[in-house]
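If you look up TrEMBL, you'll see B:R48, B:R54 marked as NADP(+) binding site. Per TrEMBL, FMN binding site is recorded for B:R132, B:S133, B:S134, B:N245, B:A246, B:G290, B:K305, B:P306, B:T307, B:S308, B:S309, B:R331.
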Protein chains: 4
Amino acid sequence: MSHNSFGHLFRVTTFGESHGPALGCVVDGCPPGIPLEADDIQAELDRRKPGQSRFTTQRREPDQVRILSGVFADDRTEGRQLTTGTPIALLIENTDQRSKDYSEIRDSYRPGHADYAYDAKYGIRDYRGGGRSSARETAARVAAGAIARKVLPAEVIVQAALVQMGPHAIDRARWDWAEVERNPFFCPDAEMAAFYEGYLDGIRKDGSSVGAVIEVVAEGVPPGLGAPIYGKLDADLAAAMMSINAVKGVEIGDGFASAALRGEENADEMRSGNAGAPTFLANHAGGILGGIATGQPIVCRFAVKPTSSILTPRRTVTRDNRDADIVTKGRHDPCVGIRAVPVAEAMMACVLADHYLRHRGQVGAN
Amino acid sequence: MSHNSFGHLFRVTTFGESHGPALGCVVDGCPPGIPLEADDIQAELDRRKPGQSRFTTQRREPDQVRILSGVFADDRTEGRQLTTGTPIALLIENTDQRSKDYSEIRDSYRPGHADYAYDAKYGIRDYRGGGRSSARETAARVAAGAIARKVLPAEVIVQAALVQMGPHAIDRARWDWAEVERNPFFCPDAEMAAFYEGYLDGIRKDGSSVGAVIEVVAEGVPPGLGAPIYGKLDADLAAAMMSINAVKGVEIGDGFASAALRGEENADEMRSGNAGAPTFLANHAGGILGGIATGQPIVCRFAVKPTSSILTPRRTVTRDNRDADIVTKGRHDPCVGIRAVPVAEAMMACVLADHYLRHRGQVGAN
Amino acid sequence: MSHNSFGHLFRVTTFGESHGPALGCVVDGCPPGIPLEADDIQAELDRRKPGQSRFTTQRREPDQVRILSGVFADDRTEGRQLTTGTPIALLIENTDQRSKDYSEIRDSYRPGHADYAYDAKYGIRDYRGGGRSSARETAARVAAGAIARKVLPAEVIVQAALVQMGPHAIDRARWDWAEVERNPFFCPDAEMAAFYEGYLDGIRKDGSSVGAVIEVVAEGVPPGLGAPIYGKLDADLAAAMMSINAVKGVEIGDGFASAALRGEENADEMRSGNAGAPTFLANHAGGILGGIATGQPIVCRFAVKPTSSILTPRRTVTRDNRDADIVTKGRHDPCVGIRAVPVAEAMMACVLADHYLRHRGQVGAN
Amino acid sequence: MSHNSFGHLFRVTTFGESHGPALGCVVDGCPPGIPLEADDIQAELDRRKPGQSRFTTQRREPDQVRILSGVFADDRTEGRQLTTGTPIALLIENTDQRSKDYSEIRDSYRPGHADYAYDAKYGIRDYRGGGRSSARETAARVAAGAIARKVLPAEVIVQAALVQMGPHAIDRARWDWAEVERNPFFCPDAEMAAFYEGYLDGIRKDGSSVGAVIEVVAEGVPPGLGAPIYGKLDADLAAAMMSINAVKGVEIGDGFASAALRGEENADEMRSGNAGAPTFLANHAGGILGGIATGQPIVCRFAVKPTSSILTPRRTVTRDNRDADIVTKGRHDPCVGIRAVPVAEAMMACVLADHYLRHRGQVGAN
């Protein structure tokens, strides 16, 4: 058991605080012989990197990753760097731990943050920039996710998008995956992305913040991945997404909407398909039944609460239990959900890679 | 790693199929010296037992539990049976595996069921009554949950209720915990419970089914339980609830609604409280911040899809990939969400008991 | 983590006390489609069963096993019972829990037993027949081992033998595996087996007991099984054998004797072999290098201390810390090492089955 | 499950190859509030460091450790650096990866090494200096062990010593712990240490190597640590020690010698002691009964085979299965057992720290 590890056969252990010397992870269990360069990982990290638009924190971190172990290249590999099957350690040094006065958050608990909870648990916390509870930890997840993608069969495609900001949901009829990389919100609806620009500027200028809903989809997942009863693919996805900072809800397929359906509406009917696999006529189930992939796209959505670090003063208490007011200055994402998009992809890829190896272990199929 | 176990220090492993000789579980890691009689467990099992009203399956199972190990009584315990710290095995024999013709579900996949997924994974399945994927497995969870409750400090109260059936949500202003045990729906709103009676009769007579939303609340949880980053209390709850049959979504506190909030609305402000702990002015967070309990009530909701076994014919395919129609006869719950209520309590209790021991292990507090 | 489980992908959880209603295990992670009848398991249990000669305890236990879950047979399997990939629960009811007066071992600690240690840990113990610390628990291991053998490729042969009783080691030049099933000591040296008969009769009549050394060998293990650094095959074997009751030492290959060797003596030289694999000229390493199988026979030996339950009075203390003398009456094995032989095979088979699945998970080979 | 992690609640994950950029570990689950400076860890690393005498490898590594996370200091801690309960990452950069020609060990398998086994498993290996299978990995264990010592109660003292080199065992009557730090062999017998000097010089000049036996002792361990049945303290110690490079056997207490004893010799008799705990009259059991500590000193011994890297030519095969001769040049320990002494202490400390937290989790005592 490890509070800072996830996965079983593809197992990721992360470490590091927001303002410590470095953060990173160890990926254990990766199959051998997979081409892996630091650049492969860097490309994913760059998508999550702060400071890329005015809509994310202005902290300037290059998030440069180093591979410390678990890969090897020589003339027999024709110079390509391959995984060796031993643990892959990834290191990202922190460079922009801006020197500032932390006395306020040292002594007062920011509402909506983990400050009080950490003190209640440990009696001590690294309050600088949120310490271990900072979303900066997700850089390590994204790095691990880049490796997970390479473990999966090539036909598995994992993509995520922001589908709601504050109360404003996208129009799914306008969904275009190509749009996701064209706007600073990872939004698949170009029209709504344009609207978000003005909307989020207003929120930011108000010294406020908003929540969001992210949808992550995996296509090409082989039927059979996953496992009953407590190793269910959807249970593992729920834990993976809920473990992302600020996430308050997770759903698969129709999710909460399915509660309002009748049985005949909800059943995903089947017709005989080519290649011996059924064709499903709907995907209310989001690609998972009984905890096991059906071969349909896996669809997972999660809700991100609004950033708790806001300029609007809030009532709180101090460490020694006196009333106080607090304003969280500094460089914060007005909608922390935006940067959760690459994190969502990483977590989905890690869960699938883990189940891919677990399935292969028990059943032997590839 | 074990697909059929959950928890770490309070660890539950379940086994058994719907129509096999027996089902049960092994509870490992239970602290010693806790009074435990079979009757304590039976009381919880009786709440989940099928056939108690016309609104649940008419299968007649006494669900009689035997404790096979891990307890001891002698004159030094004054005849009281105490846990010994060794594994507690619980056994429930199946008695009403009605002999019937299973040829249809043997050869065809029921839409919305795990039938196809199990075959895709294992190439073989026990189709009788759903085999391992049957909700009958949850009896073992409820039994384990009865032990988990005894591991927790006496001030921790875990209760669940059905808060929505089909599209019909309760009126939270009428919430009365005492009502929950007074109607066959575990509904805390007496007025809505009366409405559900007619509503569900109609659904049942239509040969259809409906979904539901369940809310489970834990009060008195000591602040500090839980753990960053991948051992988060909410992540473990999400996995626990999502692992229950037919669950498609889980949320904590305001859940998906929090996506639409602004930062200043969502922050749970604090005032100095007695006993050195803060008083929170709201509970949008559902009692968990940064994965750690704050001492506020822990509030978790999940959506249950409509029962997939319905009398209305649905299109499907056979095992050898030919088109077919299927009607699922037999004894089925028209709203499987109802009996998920005691299961939800059990899963909450198990997750909390596990985190209680994990916290004590790392931090040493009681 | 589970104190009562071992293995990872082939995972065994045992339960039960010597004088409780039943003991058994849950085997999780078994691949699907493997033929498995209760008789397959019974055959192994019968080898370990007490009361088969005057050299083992006279307790009369049929050790009849029931399979409660995880298997299925129908016309499509042509009536053969196959594993389904879901957990296999095995149950053995205790029948000969002879009613007797346990007041002495209730109040006094038997030297060399776990009595005091259990009380120091838990504050309570089931003292009847040793409770959970009884070697009776190993019946569950043997049952699980019977399944493990079926998971392994057919060419893997696991055999064990008693190679030393008290100070009397066998003559390895006379080693004949066929002898093992012909004498009550599982001894591969017929001459020495004849000697043991008189020797152990003497020990038994003296009200004493002796230790033993067991050797377990696995042939046909595919090179590559095992894993660095903390999943080493030899480390897992060491833990598995040391977890057997009364075991005080474990060695692989030359073991402790290798400390006295020089480098050039100890190196297992290689010559090019057929089928592309090297031929080793010696096996000092016992088939494992760097924690990974080399394809040579895996050779593991362990020492079993003399049974602590003896008729010779020993000095001890009572539960309330007063001096006392104790004599352990009852039905005890004068050399508990004898019945450790089938247990050793079971543990070896379980460790190999686990590593077989783990290797397949990471590397994909079969 | 993780091949590169050990422990459960005090959990250590290591990474790194002999000639990669760095090695290190992540320690998860450490209790909060423990003073920890890099110097505390450095002191232990310096004991294991190569190149400190002519009897160990001449590789020059400063083994300088950096703490990357999991600690915090501010004015409230009075400048002392304390653990925070979050993962502690430790990094040791490799500096003396001497550039050399590795073509021989690239293409040929060194007998007694893991070379062939790694290739059989992974199909690829980092052969430079042994890659992941190098004893260099044990630096990370020693670093973790330094933290483990601080987790244990102050009265627990863990010490190890070399008690046999080649066939030459020490005289236990001359045992003096103070001697251990006074000679380059960690030998508690000054006279024998003097002998080893000449002996090992001879071995070294012959281009050979020898094995050794190490004994590690933990005093002050609270009775009750450990757990039946598969979490036995001795089983965990056996795995921990067997996982150290070149170890081929592990024993507890009398170990293999106990096989030759009779029951009345082996029983550790008890007399009533002060403070309510028994006084044991012997310690054949090595401080562990039924897998649980009795409060007596825990005594563990293990055998280390001779270093396989020797200057004497040995017969082997090449990667493409052709016969070859091989001589392993380079900087090697003539008796790798010497530097296993601080590693043994580290592994003992880690196992005890883990069981200390596990016991506290289940039973609640401190």
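Cβ from N, Cα, C; glycine included.
Predicted automatically and left uncurated, TrEMBL annotations should be read as such.
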- Message: Tell me which of the binding-site residues B:R132, B:S134, B:K305, B:T307, B:S309 ends up closest to B:R48 (NADP(+) binding site) in space, Cα to Cα.
- Response: B:S134
- Query: If you measure B:R132 (FMN binding site) to B:R54 (NADP(+) binding site) at Cα, how many Å is it?
  - Reply: 25
- Message: Applying an 8 Å Cβ threshold (strictly under) against chain A, tell me which of the binding-site residues B:R48, B:R54, B:S134, B:A246 fall inside, in sequence order.
- Response: none
- Message: If proximity means a C-beta under 8 angstroms from chain C, which of B:R48, B:R132, B:K305, B:S309 count? These are the binding-site residues.
- Response: B:R132
- Would you count the other CB atoms within 10 A of the CB of B:K305 (FMN binding site), including those on all shown protein chains? 30
- Cβ contacts within 10 Å for B:S134 (FMN binding site), all chains included, total 20
- Task: Find, among the binding-site residues listed as B:R54, B:R132, the one whose Cβ has the highest number of other Cβ atoms within 10 Å in the structure shown.
- Result: B:R132
- State which of the following binding-site residues has the fewest other Cβ atoms within 10 Å around its Cβ: B:T307, B:S309. B:S309
- Please classify the secondary structure at B:R48 (NADP(+) binding site) using three-state DSSP. helix
- According to DSSP, which kind of secondary structure is B:R54 (NADP(+) binding site) found in, if we only use helix, strand and coil? coil
- Cα-Cα separation of B:K305 (FMN binding site) and B:R54 (NADP(+) binding site), in Å? 20
- Note on the structure: B:R132 (FMN binding site) falls, by three-state DSSP, under helix
- Within the chain of B:A246 (FMN binding site), which residues six or more apart in sequence place their C-beta under 8 angstroms from its C-beta? B:A135, B:V304, B:K305, B:T307, B:S308, B:V336, B:G337, B:A340
- Query: Can you count the other CB atoms that lie within 10 A of the CB of B:R48 (NADP(+) binding site)?
  - Reply: 24
- Task: Measuring Cα to Cα, tell me the gap between B:S134 (FMN binding site) and B:R54 (NADP(+) binding site) in whole angstrom.
- Result: 20
- Students should find that the Cα atoms of B:S309 (FMN binding site) and B:R54 (NADP(+) binding site) sit apart, in Å rounded to an integer, by 16
